[in-house]
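Q: Supplied in structure tokens, the structure appears directly below.
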């Protein structure tokens, strides 16, 4: 297996995720916590995020369809989503959640709906990109997956 | 290395009050990395108050704000009403001044916005002489 080429792809992909604003420094913090005793830590945290966030997106969508809208509940759901996203360094997601919360504060239903669509798009894109990133990491195997190599 | 420094100090007992698994997962990893921590967890403010009331002794309490049953502000108020002086640090995904103020008014000693990081945790431990 051409490890050096794989490593280059991994580094390039990670740089791209940061340069395009999908991830922030928090993701590096997660990688710093990964070690021999928790070799899949980052992937586990990310999996937790996508499990949480899928549920939250569904709940937000349902809450938006109710009438009258409960903007307090919508804000609370977006708050959870924002917190969860910030845990993995999902910068774009976090920013869009802030926009959603601002629309809740203004009781702007159309703004909330537009923001939700963006959140769903960002969510799907980030999921696909991170799945690809982890697939590449798995190919190099745990021995090569020394955290600081990817910085 | 954090582990070496941790070996020189006594074990610190931390109560983490947090309802969401992802935040607990991250906090556990950070506290394990810091070393020398005996961690207890409560999934909401009411559980935290119960543990403290029933004699749980902690060197540090880290509490989220938004939780079901009882939020972090109310839990802080009730823990302080029990006469407990353990350092309490409020955590929230919002970094609004109002959030921090509300925690301090409730009796917390410090506030830090989420996500928790190694640097933030190190600062908290140093602030309360637990490093």
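Keep in mind that glycine also has a Cβ here, set from the backbone N, Cα and C atoms.
Quick caveat, the model's predicted, so the values are computed rather than measured.
Got these off TrEMBL a minute ago, pasting:
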DOMAIN    A:38-133  domain 'HPt'
MOD_RES   A:79  phosphohistidine
COILED    A:109-136  coiled coil
Q: If we skip the immediate neighbours and take only residues 6+ beyond the ends of the coiled coil (A:109-136), which ones have a Cβ under 8 Å from one of its Cβ atoms?
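A: Long-range Cβ neighbours of the coiled coil (A:109-136): 6, 9-10, 13-14, 17, 22, 43, 46, 50, 53-54, 57, 60-61, 64, 69, 74, 81, 90, 92-93, 96-97, 99-100, 102-103.
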Q: Tell me, how many other CB atoms lie within 10 A of the CB of the residue listed as 'phosphohistidine', whichever protein chain they belong to?
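A: The answer is 21.
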